[in-house]
């Protein structure tokens, strides 16, 4: 592979093949023509001769001409008749197969003939290189498809204008141009280049007034009247020589060419025969050097063909003008190669832009002196080290209008300004005038509001921090003013819009900033935050007040809940106290229970042993000590238990004292804290939190959030909540609809000092300052800045702060409110009363439960007593039965003994029957057992009554059928039916 590459390289060195870039096609020497005809349509014989000599010398320059390649010249004379020029090009150039054409013409003959050459050759895609045509029309590639030129168009002088303005630090200009193509082209070039390449410059030239006139002027007076009312005194003029004479004539009559006026003109206007002294103009270097441009164009063409030969195949040029179907692709490709050339020629650095126009062209800066003498005071030339154009001007050699050596300010400083402001408390208070009012109060200033929708003006009066500052400022730097309110009530933000005819975006401002940018106002005196976006389009003075961004929120309401009395201790501590009470009670009970000294007799008391401490009494004792209530009974008796009781009393004293102190702090001296810790609070960054925050749409705070990448999530969340005005947002914070309002610290601190229910949260962020806004390049900027610095040093700004922002007495009232203890009310102590009510309800409920329980216990005890009594009686009956049986047995034995010793029917038996007649009755089967219960009861009643003595002392009732003794074996009570 290496051998093959070496062999190919040898062939290339021998001229047999060409080395192509990687990815290109392989070409041999036979693929491309060896001879190339270069056509020339030139204005005179000298140019034709120089063209031939240049081609001849080119063939010997190996740097531009490969081996076996030869160039030949084919020239014709430029005819003033464009039709003849077209025929000559077809018959004498295209018929000769020219690969490119070099064109020049007399400046007085116009551009019709060069245009005819461009049309004709362009139809066949044959490149044309112009060396004298400078009209803007040749830059249109839709018409002149293959036209290049080694001279720049006239409208490229706008680039030199901008460099000169940057050098002289002129920021506001008036452009005067003709209404033809070139005049409008130079205006467009100036505006586009200024916005594109000078965005980063602090002071950028802006166009205050555009004066467009029809060519072939007769009078310029009307336009001069408008120019005199403008601030700028720097005039940029594009006009023909004839029109420039009229402009300079009329300007001299209006004394606008003397001291303080700056005129910068293009090449054509510079040649007017009445150009005023002090005028600065431009002159293209080598503008009339046809020979230099011919040489540069030929070498540019040779450079492009050489590169094209090495890269691709070049087809032969078209030959027949009658063949309209010819499409020479190689000509199109050659034109592209020509546009990429960048060589150093006799006319300087030769390069082209996308339109085929010459760039890096050098200019001389000309200063007109007496008697129309032109003096070069600077150059605009190519810097090869930096590879860009550079402006060099010797200011000391310039003689300005009115023969002044000192550079004019370039602007007329107006002494009557239109000042705008906006309602923003405490900086600007706005009051609408009543129907019967004709003037404002002494401390107020009229500030009408112009309504653009219906073209009406509403009368208002303004006062405040900024109004006092404006009054003092006007006195210090000596200007008068008309004050008005912002038309749309906003500070202003930008809207991105597409530029007409281009793909670029431009910023369109609204509000106060828009009025200043569009030059409908001269100054803004309001709490206008200085930020990069605004500083790009307007001027700012030094800050008259430094501030930042903070957060306004409503103070949390005091925590006066039903359990406010529980706040001194945490939930954990309350639980530990509750547990400690019962643990100590249990230990007291155990110590007193098992201590050998827990029971003893008092020497002076009765003989009953004192009861030991039970568990219920121990719990009562522990609670009594903790709550500092009297303990009447149930105290510990043992020494060990009493030691624990003393320790518990000490614990209770500390707990109660701590609770009392903290309760006072929570309910009386507690100050609510802010909900947010600042901009870094996680709740603001977390989009899932139900926390609403907002700012004002299009404000400086809104721009700040847009710039900060780390706040992008927060900004997307709050963007939908943003308000139109700060006043609406502050009212919603007071009502609780908005939780956090992010705005300038000065305004929010003022609101917090005025309303004790509002508070600012966290530290300041996004620190900046309020400045006075002025137009870009305003002559008042330095004067206003110096005045504000003096105000700071003299204490005037501090005086305004105390008077309007801090409101000393209001702030002191808030501080007094913060330090004053609160008066406790039912709202604070409602929980305690509810606790007492719960205790009462609980006691009533417990007593009801006790009564019900006691009744149940009594009924149960009665049943048990009845059962116990029945059981006792049953046991007694059993014993009696046993006794009766024993007595009967003894009686029988006794009776048997009597019967044995006496006869039957003895007296004793008769007496017994008489005395106890019922003993002789026979008993039925159901009364087989003597002593039936019913009979016994009937018989015992009189006996019991007699025994109980109910008849009175000393009185007896006759005993009829008296019962036998209770121990009689024949009568025993039957209680079997009572046994349960």
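Note that Cβ sites are derived from N, Cα and C of the backbone, with glycine treated the same way.
Look at TrEMBL and you will find 1-24 tagged as signal peptide.
Sequence annotations record features per position, and here TrEMBL assigns domain 'Ionotropic glutamate receptor C-terminal' to 435-807.
In the shown protein chains, 26 other C-beta atoms lie within 10 A of the C-beta of residue 534 (L-glutamate binding site). Residues or ranges marked as L-glutamate binding site by TrEMBL: 527, 529, 534, 700, 744.
The feature transmembrane segment is assigned by TrEMBL to 573-591 (among others).
Summarising the annotation, TrEMBL assigns transmembrane segment to 643-669 (among others).
Within 10 Å of the Cβ of residue 676 (site 'Crucial to convey clamshell closure to channel opening') there are 21 other Cβ atoms, across all protein chains. Look at TrEMBL and you will find 676 tagged as site 'Crucial to convey clamshell closure to channel opening'.
Counting every protein chain shown, the Cβ of residue 756 (disulfide bond) has 16 other Cβ atoms within 10 Å. According to TrEMBL, the disulfide bond annotation covers 756-814.
The feature transmembrane segment is assigned by TrEMBL to 829-853 (among others).
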Same-chain, non-site residues whose Cβ lies within 8 A of the 527, 529, 534, 700, 744 Cβ center for L-glutamate are 491, 528, 530, 531, 699, 701, 768, 770
Report the same-chain neighbours of residue 744 (L-glutamate binding site): residues 6+ apart in sequence with Cβ closer than 8 Å to its Cβ, ordered by sequence.
527, 529, 547, 548, 549, 550, 700, 701, 770
For residue 529 (L-glutamate binding site), list the number of other Cβ atoms lying within 10 Å of its Cβ atom.
23
Between residue 756 (disulfide bond) and residue 676 (site 'Crucial to convey clamshell closure to channel opening'), what is the CA-CA distance rounded to a whole number of Å?
17
What is the interatomic distance between the Cα atoms of residue 676 (site 'Crucial to convey clamshell closure to channel opening') and residue 534 (L-glutamate binding site), given in whole Å?
31
